[in-house]
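Accompanying notes for the structure given below.
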C-alpha cells in the first residue's frame, strides 16, 4: 500500500488545486504584516503639541482665538522666560479663570520676573495640531507617558507569544482550517474594537487579543500550505514570506491615503473578514486528518485534489491505515523526549530568538531618520525582496542548511564590520548594515521552512508555534537591548548581534538536511533523519512511512 506522499504525487503535488489554495492563503501574509508593523503609523508623531493652561479652552472661545493664537499665548511666555522649555511637557503654574481678560493675560504671573516664571509638569491637558492623527494624540502618549507607545507594541508581541502556545496547540488538536477561520474572525473583531477603544486600557486589551488571533492566522496558514504540497514543492513557504514583504510595502500607501489612525486600523483589520469565505474553498489538511483517525475524510479530500488537478486516483485507494503512533495531545515534553527531536527543538528555538532580535534591532537602528516617512518605510521593505529571491534560487539547488548557516554568519560579520567603520563614510556604513539586514532576513525566512520540515505531522503545528514563540520574545527584548546598550556605546548592540548571529550559523549546521525529503509523519521518522547531507533523502523516498493509504 502506498504512502500518503506517493498518493499526493499521483493526485498532483502542486497542481491547480494547490496553486489556488496557496494564492488564497498567501494573502494572510499581507494582512499579518499590516498588524506586525502598524505601530509605525498608528503611533507616529502627531506634529506640534503643547500643554494647555487650565481654563485655556474657555478663554480661547471667549476671546475668539485660533488654536495657533492660543498656543502663542501659552508657549511664548515660557520661551521668553525659560528658553529651554518648549511647552510640550510643562506649563505655567497658573489658571486662566473668569477673572482673566483677553487683554490682561500677564496678570496671573504676578511679580515674577521673565526668567523666573512658575512652572509645573503637564499631566493630561495637551493640545494637538492634529488631534486624531495617531494613538499618541488620542491617548496622550507624550512626555512622561511616551513609554506607553512602546508598551503597545510589547503587548502585541505578548499576544503573538500567547497565540503561538494556545492556537498552535488548538490547531493540532481541533484542525488547521477551523483554527485559521476562528483566528481570522478574532483579528477582525478585535481590530474594530481597537479602532473605537474609549481609553488606552481597552486599546491594550484588544490589541493583545488581536496579536493572539493574528499569530493563529499566520502560523496555521503556513502549516496548511506546506502540508498539501509535495516534498519538492515545500519551498512555497518561502513565497509566503514575499507576501509578508509586499504587505510591508503596501502599508505606507494605506497610511498615506488614510489621515486618521482609526481609519488605518480599520483598513488593516477589515480584510480579515474576507478570509472567512475560505470555508468553502480551503479544505482541512489531509495529513492532519490521518493523524486524527479520520481516514475517510482524508481520502475524500485527496480525490477532490486529484479531480481539480485533472488527475485520477486508482480505485484501490479505498482504505486508510492510520499511523501506528499513538495520537495524544501535544506538549513540550514531546518535543524534547528523544535525542534528535530535543537537539532540533533547542537549536530552532535559539534560531527563532536570534533572527527576531537581530532583525528588529537592525530595523530600529537604521530607522527612519528624517525624510519622507512613507517613502523611507516603503524602501526599507523593498530591501527584503532580494532575500526571498536569493532563497528561491539557492534552496532547491544546494539545500536548506547551508544557506541557513551562511545567511546568519554573513549577518554577524556585517554587524561586526559596521560597528568599526568610521562615521565619516556613512554611505559605506549604511550599505554594510543593509547587507546584515539582508542576511538576517534570509535566516528569518528559512527558519520558517526548516521548522516545518523537522517535526512530525502529529506535532508540526504545535512545534512550529512553540519554537516561533521565541521570535516574539526576541521582539519584546530587542528595543530594550538596543537602546540600553547604545547608551553605553552606540555600536555595542552590533557587537552583541554579531556574536548571536555567528553562533546561530554554526549551530544550524547540526540540523539535518531536509531538501527533497518527505515530511516526517512520526517521531521515529524524525529520529531517522541525519545531519549529513543527503544520507536519508533517497532512503526516505523509497520507504513507506507509518501512515498508509
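Cβ coordinates are placed from backbone N, Cα and C, and glycine is handled just like the others.
TrEMBL labels come from automatic prediction, so no person has curated them.
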Transmembrane segment range according to TrEMBL, out of 118-135, 136-153, 154-171, 298-315: 154-171
Range annotated as transmembrane segment - as stated in TrEMBL, picked from 74-92, 93-111, 264-282: 264-282
Correct range for transmembrane segment (source TrEMBL, candidates 427-450, 523-546): 427-450
Chain residues outside the transmembrane segment (264-282) and at least six past its termini with a C-beta under 8 angstroms from it: 20-21, 24-25, 27-28, 31, 34-35, 38, 41-42, 177, 180-181, 184-185, 187-188, 190-192, 194-195, 210, 217, 224, 251, 254-255, 258
Contact yes or no, the transmembrane segment (462-482) and the transmembrane segment (237-258), 3+ Cβ pairs under 8 Å, gap 6+: no
Confidence summary for the domain 'Major facilitator superfamily (MFS) profile' (99-516), mean pLDDT rounded: 82
